[in-house]
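Enquirer: Sending over a structure as structure tokens; questions will come in a sec.
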Amino acid sequence: MGKRWLPSLALLPLPPPLLLLLLLLLPTNASAPQKPIYMVMVPSLLHAGTPEKGCLLFNHLNETVTVKVSMESVRGNQSLFTDLVVDKDLFHCASFIVPQSSSNEVMFLTVQVKGPTHEFRRRSTVLIKTKESLVFAQTDKPIYKPGQMVRFRVVSLDENFHPLNELIPLLYIQDSKKNRIAQWQNFRLEGGLKQLSFPLSSEPTQGSYKVVIRTESGRTVEHPFSVKEFVLPKFEVKVAVPETITILEEEMNVSVCGIYTYGKPVPGHVTVNICRKYSNPSSCFGEESLAFCEKFSQQLDGRGCFSQLVKTKSFQLKRQEYEMQLDVNAKIQEEGTGVEETGKGLTKITRTITKLSFVNVDTHFRQGIPFVGQVLLVDGRGTPIPYEMIFIGADEANQNINTTTDKNGLARFSINTDDIMGTSLTVRAKYKDSNVCYGFRWLTEENVEAWHTANAVFSPSRSFVHLESLPYKLRCEQTLAVQAHYILNDEAVLERKELVFYYLMMAKGGIVRAGTHVLPVTQGHKKGHFSILISMETDLAPVARLVLYTILPNGEVVGDTVKYEIEKCLANKVDLVFHPNIGLPATRAFLSVMASPQSLCGLRAVDQSVLLTKPEAELSASLVYDLLPVKDLTGFPKGVNQQEEDTNGCLKQNDTYINGILYSPVQNTNEEDMYGFLKDMGLKVFTNLNIRKPKVCERLGVNKIPAAYHLVSQGHMDAFLESSESPTETTRSYFPETWIWDLVIVDSTGVAEMEVTVPDTITEWKAGAFCLSNDTGLGLSPVIDFQAFQPFFVDLTMPYSVIRGEAFTLKATVLNYLQTCIRVGVQLEASPDFLATPEEKEQKSHCICMNERHTMSWAVIPKSLGNVNFTVSAEALDSKELCRNEVPVVPERGKKDTIIKSLLVEPEGLENEVTFNSLLCPTGAEVSEQISLKLPSDVVEESARASVTVLGDILGSAMQNTQDLLKMPYGCGEQNMVLFAPNIYVLDYLNETEQLTQEIKTKAITYLNTGYQRQLNYKHRDGSYSTFGDKPGRSHANTWLTAFVLKSFAQARRYIFIDESHITQALTWLSQQQKDNGCFRSSGSLLNNAMKGGVEDEVTLSAYITIALLEMSLPVTHPVVRNALFCLDTAWKSARRGASGNHVYTKALLAYAFALAGNQDTKKEILKSLDEEAVKEDNSVHWTRAQKPRVPADLWYQPQAPSAEVEMTAYVLLAYLTTELVPTREDLTAAMLIVKWLTKQQNSHGGFSSTQDTVVALHALSKYGAATFTRAKKAAHVTIQSSGAFYTKFQVNNDNQLLLQRVTLPTVPGDYTAKVAGEGCVYLQTSLKYSVLPREKEFPFALVVQTLPGTCEDLKAHTTFQISLNISYIGSRSDSNMAIADVKMVSGFIPLKPTVKMLERSVHVSRTEVSNNHVLIYLDKVSNQMLTLFFMVQQDIPVRDLKPAIVKVYDYYEKDEFAVAKYSAPCSAGYGNA
């Protein structure tokens, strides 16, 4: 009703005479002649640049009119429709495109209809949003291990899910510390997608990573993945418990099953713990105050399961102060291996015994049309309760009814609305009364009632339309018959023979369908129903809203709206099929993809074990639909929600007296009018019809009741506007985590087929595909399974390594998963490399039945050194001999399984390596070099081996080994840089000499990317870097390392992405360390104390930093550089006057710094001074330190030069080669003599002694190589021959000069001759390796190694013991540089990692690593004070006749300073567990 009268003193019922008075007051046009009708509907939210629809309705036109629709903004007016001519009745929906906009803005939309005698103009606001694409990313798996390749796809779609070849301005990878570690810019998608990849470093920051995509519109899209060290689970622990129990339940069933990833049951033992925790736990009052717990433990049954009916009494379900849930934790230990996996379950506790809720009930009622609906009765678990009586009450309708639930727990009701006089209807549903018993801290059961309130629909003529809603989600491609009920007032319809009903459908925020329905009207039949057929297609998903309305002759608009949920379907129907869907490892299978013709499909198949480790949100239609900017437009967006102009005016407030009581009209806010229905659909209406209920005029001086304009979903729309919604015989060795990651194009028939090889992992693979078509858009396949399975297979158990002379037990376990018994023959292939003896009486075959396993063992004694292969085959035999009263079968496929594993057999003692290098350059005549291989007297028998490598480039060996330049650990911030920086010099050199191949470039850039990621682990928040990163208590930033990283990152920018902020922050931090005199203050410890020597520490460090700043191409005029050069200039002038010491290391740095600064005079002056101190011998030049560690007297070969001497000599070489133009002949002559000495110091991997000398020397050699590079006209011929029969020949030419050519020398010791003839220089490198037994002698370190217990008396000593190290420095210096303690494990034992990690709590231990069978302990320095370290080890594999293991402590920068000691396991004789 338009008005409602309220007494001013008290609320009274509305008297009948007043109802007539109210109806007379309402406006009516029943007798008025028909006038032209104009109605235009447009969504209140429009998207720029995309097709939108507006619907026009013109009726009763008596003249031709023109229609104009335009938009107004601060930027001017823009026409959508211009001079559209209409000369007859019209209902039409027209498409238009809103011009592009740079940002979201509210605009005015004006509709103007003009004729000769009539003119209509309305103006309202709409929100224009910029066009948004739907962008998402997909990774090949959700979690990665360090060092793995991350592969991902970027996909872009329009709002109809069709592919967009969008330009992506920026995409980057962000690690868990918010560092950008990889970046791509300005690339365009092809076919709607792009496939990219990048490698993780071997030591990345672990945690949550993101693929971050910046779209053209500026929106940011993120896709998460994890980086973590993990071991794929062998099996899954599934815990099945009730989702909910009530406080009245006395027992619950708990079930736990262990299932292998290939679907078979796990044999083993299960432990289940069920707890109800206290809400506010305290350790002060015992375990009972923390939780009520029950524990169960037993063997799994044949199905791999355990089931228990658990009494709930012990969990005190009615106690209030405990959590309303039971936590179930299960642990299964696999039989035989002891491998453990866990699973969890959760059961909620509820006091709700029964609950009623209304289902499919309208929010409005219409007088005269029954109000129908349903209520659902469920128990506390949510299970429907059938055949129970429900009470339904509606006071406003004066109705109380009883109804019974059906088998689905639903009860239907219908309420007669004829006599409802008010504007709201409240319906109550009740099942049982709740227990009204209250107790402190006790819970009582509850039966939840349901209440529903519906508001009246306003109609002055009492004419209504009602659309039936549906309680379920509609399927795509079905046809829906929408049921429309109507009741029409005779006076309103007049003499009309028919009424036209108009309908619109909205989805995704836009008008998508429109139509009409003509209803014949006969006298006396003004109440009834009809249906409209609507086809459910993808354009309507996921939510469709329908408005149906008619215009009565009196101008009243009568209608209703309804909302339908539609399944999230996609037009491109994709299917994926494996043929077959089960297969043996290494066999072939076919994968078929069915989709719309010419679709581009992305395929993925992932090991189920990966998904168990890290579940992920599956790429689904739901996920894609969630990307839509608008899924369901309701109400008006923010900024468009102001109350619009009402042209109908208002009703005056005329008080009236009835029976002496004063009544005053007030606005009724409960009734819904047609304007409200259309607004709820997000439609703006421009019309000359009256679609609003009358408004009561406001009156001054009277307390006003504010009108509340209902908006169903305004809060949702505001949130939407403020946020951007935006995986026969077999020999198994290939075990990937992602099997398939491919793009395929479907052919014209809609099919693509690819042949794939099944990996060797026995598991279940989860495969899926998405496809993109220009015609039908996106499609997604269901996830399908492929079972990689071996009906039976064999697995080996063996140690990682043994020492020659030790014996171990090799175990082969055969598992049978066939449904029948098999007779299996197991054979260990004989080899001259080991001696194997069966440990049990040898049988030709073994009977193994379903789900059983059998283990065979051999006592093995290795006879050869190096990697020894063990090949074991298990074959199902055709045998008449019965297995448990049945004939064993032979499977048709997979009747034989072979596995190959290798064992490292190491010589006794400690391995040494000696390298002899020569640079031979024949100039017309043949040149030769004698190679004499000698061994010390204490060499371990058969441990010696030697090889010769021939290269045509002095950097050739380094290029082949850029990630293995040093046979040393790389676990700190400085050492990591030796994996990073040389790649820059290699790329620069090859670029300059035009030798760079795509293969080398790809490899070097990969190493740069991974090195970059690793180095960020050592970054501090202020932009500086330290040796072991920002660790609590050890977070002193290191000035020297920060400068090293800064210049390396700056130089790497030309090859890889480096986040500019890292460079800016490091430079800012360094500038803050600069003192007033231009020098830099030292921060953090210098791990190499060669930089600490002499009084010139500050100058040495300042020279290094200045070099770094100049190498990153900062100009000499830069304030920091200018002041730094002032510091160096002052220092050199002081040194020249003899005011300070004369440190060679410092002078070498100064010479290079002044060379970079372009100060050639000072450079020459320093080089002249250095030349006077040079060591000139063997036609080479180098420099040495005044103080250096003593070389052991018993060495029988020339040792490799110390790190500091290589480094300072390389700096002098760089100074000679750094000139304004090109180096002079004199410079190159001097450089050649230095290069001859430097190349002799290289190790067999192309590196030098340590990290910094390797980086500087390779930089210098690459610069020299580029300056002297020429292409030889003839090849160089190299011959290597012995005094005996050995002879081999190599050729080095322009095509293979980067190729590493190597030959093994047959006899050690022995004498060989190398001869080179032809043109060009040849780099010859001989590597000799051998082992020696440690012997008592004087070392620079004191090292004592002990075990606890020391003897085998303690039974636990067979399987676990403690290793204790006592270390001190007793050399020529006050303390050592950074040192490494390398503890090799006794064969068959592994370290307990938590006890190793605890070593890092020691003040001098910076880092620990477990690498293969070694424990590495990083010590920042070792002094003369004894340092004691200890950790635990435990037996992994039994080994007999254990040999002692070696512990070595060495100075990282002075490798000739070391100490070795050996230790034995307490139980060394016989088996370790005997």
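Easy rule for this one: first residue shown is 1, then count along the chain.
Each residue, glycine too, has its Cβ placed from N, Cα and C.
Swiss-Prot lists Cys55-Cys93, Cys257-Cys305, Cys275-Cys293, Cys476-Cys569, Cys601-Cys771, Cys650-Cys697, Cys821-Cys849, Cys847-Cys883, Cys921-Cys1321, Cys1079-Cys1127, Cys1352-Cys1467 with the feature disulfide bond, giving similarity to another entry as the kind of evidence. According to Swiss-Prot, the feature N-linked glycosylation site maps to Asn62, Asn77, Asn253, Asn402, Asn654, Asn774, Asn869, Asn991, Asn1366. What Swiss-Prot lists as region 'Bait region' is 623-752. Annotated signal peptide per Swiss-Prot: 1-32, in sequence order, evidence recorded as sequence analysis.
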Enquirer: Which of the disulfide-bonded residues Cys305, Cys476, Cys771 has its Cα nearest to the Cα of Cys821 (disulfide bond)?
Expert: Cys305
Enquirer: Out of the disulfide-bonded residues Cys921, Cys1321, Cys1467, give me the one sitting nearest to Cys883 (disulfide bond) by CA distance.
Expert: Cys1467
Enquirer: Just jot down the residues in the same chain as Asn402 (N-linked glycosylation site), at least 6 apart in sequence, with C-beta under 8 A of its C-beta; none if empty.
Expert: Met389, Ile390, Phe391, Ile392
Enquirer: Do you know offhand how many angstrom separate Cys293 (disulfide bond) and Cys697 (disulfide bond) by C-alpha?
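Expert: Cys293 (disulfide bond) to Cys697 (disulfide bond), Cα-Cα distance: 68 Å.
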Enquirer: Could you say which of the disulfide-bonded residues Cys771, Cys883 has its Cβ with the most other Cβ atoms inside 10 Å?
Expert: Cys771
Enquirer: In Å, rounded, how far does the Cα of Cys93 (disulfide bond) sit from the Cα of Asn62 (N-linked glycosylation site)?
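Expert: It is 22 Å, counting Cα to Cα.
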Enquirer: Looking at the disulfide-bonded residues Cys697, Cys1127, which sits with the largest number of other Cβ atoms within 10 Å of its Cβ?
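Expert: Top count of Cβ atoms within 10 Å goes to Cys1127.
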Enquirer: Could you measure between Cys771 (disulfide bond) and Asn1366 (N-linked glycosylation site) for me? Cα positions, answer in whole angstrom.
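Expert: Rounded to a whole number, the Cα-Cα distance is 64 Å.
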Enquirer: Please list, in sequence order, the residues in the chain of Asn1366 (N-linked glycosylation site) that are at least six apart in sequence and whose C-beta is under 8 Å away from its C-beta.
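Expert: Same-chain residues close to Asn1366 (N-linked glycosylation site) (Cβ under 8 Å, separated by 6 or more) are Ala1342, Leu1343, Val1344, Val1345, Gln1346, Met1426, Leu1427, Thr1428.
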Enquirer: Out of Asn62, Asn77, Asn253, Cys275, point to the one nearest Cys305 (disulfide bond) in space (Cα versus Cα); all of them are recorded positions in the record.
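Expert: Result: the closest of the recorded positions to Cys305 (disulfide bond) is Asn253.
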Enquirer: I want to verify one value. Collapsing DSSP to three states, which class is Asn991 (N-linked glycosylation site)?
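Expert: SS state of Asn991 (N-linked glycosylation site) = helix.
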Enquirer: Give the sequence-ordered list of residues that share a chain with Cys921 (disulfide bond), lie 6 or more positions from it, and have CB atoms under 8 Å from its CB.
Expert: Val927, Gly1320, Cys1321, Val1322
Enquirer: Rounded to the nearest angstrom, how far is the Cα of Asn991 (N-linked glycosylation site) from the Cα of Cys1127 (disulfide bond)?
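Expert: Answer for this pair: 35 Å between alpha carbons.
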Enquirer: Cys601 (disulfide bond): which of the glycosylation sites Asn62, Asn253, Asn991 is the nearest Cα neighbour?
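Expert: Nearest in space to Cys601 (disulfide bond), counting only the glycosylation sites, is Asn991.
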